[in-house]
Amino acid sequence: MTSIRSASTPVEVRRLGTLDYTSAWQLQRETADARVAGGPDTLLLLEHPPVYTAGKRTEPHERPLDGTPVVDTDRGGKITWHGPGQLVGYPIIGLTEPLDVVNFVRRLEESLITVCAELGLHTERVEGRSGVWVPADDLRPARKIGAIGIRVSRATTLHGFALNCDCDLSAFSSIIPCGITDAGVTSLTAELGRRVTVDEVADRVAAAVCDALDGRLPVGHHETLNVG
């Protein structure tokens, strides 16, 4: 595979700790402006304080029933939760022409699938749905462990992915996460039976994302046909 990035210089990885969503969104826009002006591709890695964010396709009934505030965004997808114990990545990347947004998403998925495998967890894609999933078994439906929602403007990507490491999964119970009613949500900690922190996975994710974007990590076939 070849690189999907228009630049040949390495991706600049920035670990930001915990940053509120509004500040992170402003930083994304500033970083994207800099990239369009000739600056580097950048991967922002961080955690957010608890917040619900809604993509452009979110329906009213998918929002919190208790009136919890929601930040409306211009990314694709529907509503989700961000908070402590979840690694959020915002790749601000200049894409090659012609733009292939689906391929960009598949490369992000591949990076998260690879990191999960390194930690001992088998994950897959679900046909027709973005993100990374633990496949269904005899007792449970498929569970989403990694979410992806992006926007491309001026051939530059915004928003990105979220990997549930050691987060409070009960936060998802107030919404219909990603608009999906027939599947669950899980975390690395819940699936592996040990605490898996953001710090443990952040460097792995950074390396895998850079490898996937540059074509060193090819996109494999991880499809599962259904969620039930």
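Cβ atoms here come from the backbone N, Cα and C positions, even for glycine.
For reference, Swiss-Prot has these:
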type	residues	note
ACT_SITE	CYS178	active site, acyl-thioester intermediate
BINDING	ARG75, GLY76, GLY77, LYS78, ILE79, THR80, TRP81, HIS82, ALA147, ILE148, GLY149, GLY160, PHE161, ALA162	substrate binding site
DOMAIN	37-217	domain 'BPL/LPL catalytic'
SITE	LYS144	site 'Lowers pKa of active site Cys'
By a simple count, how many Cβ atoms lie within 10 Å of the Cβ of ILE79 (substrate binding site), its own Cβ left out?
25
Could you measure between LYS144 (site 'Lowers pKa of active site Cys') and PHE161 (substrate binding site) for me? Cα positions, answer in whole angstrom.
12
Checking the recorded positions ARG75, LYS144 for other Cβ atoms within 10 Å of each Cβ, the smallest tally belongs to ARG75
Quick one: average pLDDT across the domain 'BPL/LPL catalytic' (37-217), no decimals.
90
Where among the binding-site residues TRP81, PHE161 do you find the Cβ with the fewest other Cβ atoms within 10 Å?
PHE161
Residues ARG75, GLY76, GLY77, LYS78, ILE79, THR80, TRP81, HIS82, ALA147, ILE148, GLY149, GLY160, PHE161, ALA162 [recorded substrate binders]: greatest CA to CA distance in Å:
16
